[in-house]
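K.L.:
Mind looking over this structure? Questions follow.
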Amino acid sequence: MRRKLAAGNWKMNGLRADLAALDTLAEQRGFDVDVLICLPATLIGSCAGLPFAIGGQDCHSATHGAHTGDISAAMLADIGATHVITGHSERRSDHHETDAMVAAKSRAAHEAGLTAIICIGETLVQRADGSTLAVIDAQLAGSVPDCATADNTVIAYEPIWAIGTGKVPTTEQIAEVHAHIRARLAARFADGADFGILYGGSVKAENAAAIFAVPHVTGALVGGASLKPADFTPIIAALAAS
Ligand SMILES: O=C(CO)COP(=O)(O)O
C-alpha cells in the first residue's frame with residue numbers, strides 16, 4: 001500500500017503573500033504522512049525548500065507548442081512540482097475536458113516524471129438515478145492511461161455534489177465506491193492493489209477521521225480546508241492517526 005497522502009488543492013486562490021500559510025503549515029508538521037499542496041502555477045516556483053511536495057492543478061497533453069496560456073507537465077516539473085491534478089470536475093465542466101483528454105494529460109504527466117492525481121466522480125443526478133458505479137467505471141476506463149502504475153498515479157474519488165457544498169457522502173457510500181475502484185484497478189493493473197485512492201469533497205477537521213477509517217481510502221484531496229494551516233493541520237493529523 002502507498003503511503004497515506006494529504007493533498008491540498010488551492011484552486012484559483014493565493015497570491016505570493018499567502019505563501020506564509022505554507023511556512024506556518026511547515027512549522028506544524030511532524031506527521032508520518034505525505035503532504036502535497038497543489039498550487040496555482042504562479043506560486044509553484046516560490047516554494048523550494050518547504051518540507052512537503054508541491055503540485056500543479058492541470059497540465060496540457062502536449063510537451064510544447066502553440067497553446068497560448070497553457071502549461072506543460074515538463075514546465076511544472078521544471079519549477080519543482082512532483083504531482084499534477086488531472087481531470088478535476090471543475091476542469092471537466094468549465095473546460096469541457098473529456099476522459100480521453102484527461103488520459104492524454106495524465107500520460108503527459110507520467111512522461112515528464114510527475115505523479116498524476118486523476119479525479120473521477122458522479123453528479124447528484126447520476127447518484128440519484130443509480131448510475132454512480134457505471135460512471136466511475138467509464139471514467140476509470142477512459143481517464144486512466146495504460147501507462148499508469150501505483151508509482152505514478154493516484155486516483156481521487158470526488159463526488160461532484162460534495163465539492164464545496166458541505167455535503168459529504170455517507171461512509172457506506174464512500175466505502176462502496178472506493179472498494180469498486182480498488183477492484184477495477186486490481187483487475188486492470190498488475191499493481192492495482194497498491195494505487196493510492198483519495199477521497200475529496202468537503203473534507204474538514206470534523207469529518208476527516210470518519211472518512212479515513214473507510215477501507216481503501218488512502219488520503220484526501222482537500223479544497224477549501226487546505227487554504228489555512230489551522231484547518232488543514234487537523235486533517236493531516238487525522239490521516240496520520242488513521
Ligand atoms: O475539489 C476539491 C478538491 O479537489 C474539494 O474541494 P472542497 O474540499 O472545497 O469541497
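Placed from the backbone N, Cα and C atoms, the Cβ positions cover glycine too.
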K.L.:
Which of Gly56, Gly65, Gly164 shares the substrate site with Asn9, Trp10, Lys11, Ser202, Gly223, Gly224 per TrEMBL?
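P.N.:
Answer per TrEMBL: Gly164.
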K.L.:
What binding-site residues among Trp10, Gly164, Gly224 have a C-beta sitting less than 6 Å from any atom of ligand 1?
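P.N.:
With ligand 1 as the reference and 6 Å as the Cβ limit, the list reads Gly164, Gly224.
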K.L.:
Name, in the order they occur in the sequence, the residues of the same chain whose CB lies under 8 A from the CB of Gly164 (substrate binding site) and which sit 6 or more residues away.
P.N.:
Ser202, Gly223, Gly224
K.L.:
Quick check for you: of the recorded positions Asn9, Trp10, Lys11, His88, which have their Cα within 10 Å of the Cα of Glu158 (active site, proton acceptor)?
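P.N.:
If one measures from the Cα of Glu158 (active site, proton acceptor), the recorded positions that come within 10 Å are His88.
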K.L.:
What three-state secondary structure does DSSP assign to Ser202 (substrate binding site)?
P.N.:
coil
K.L.:
Would you count the other CB atoms within 10 A of the CB of Lys11 (substrate binding site), including those on all shown protein chains?
P.N.:
19
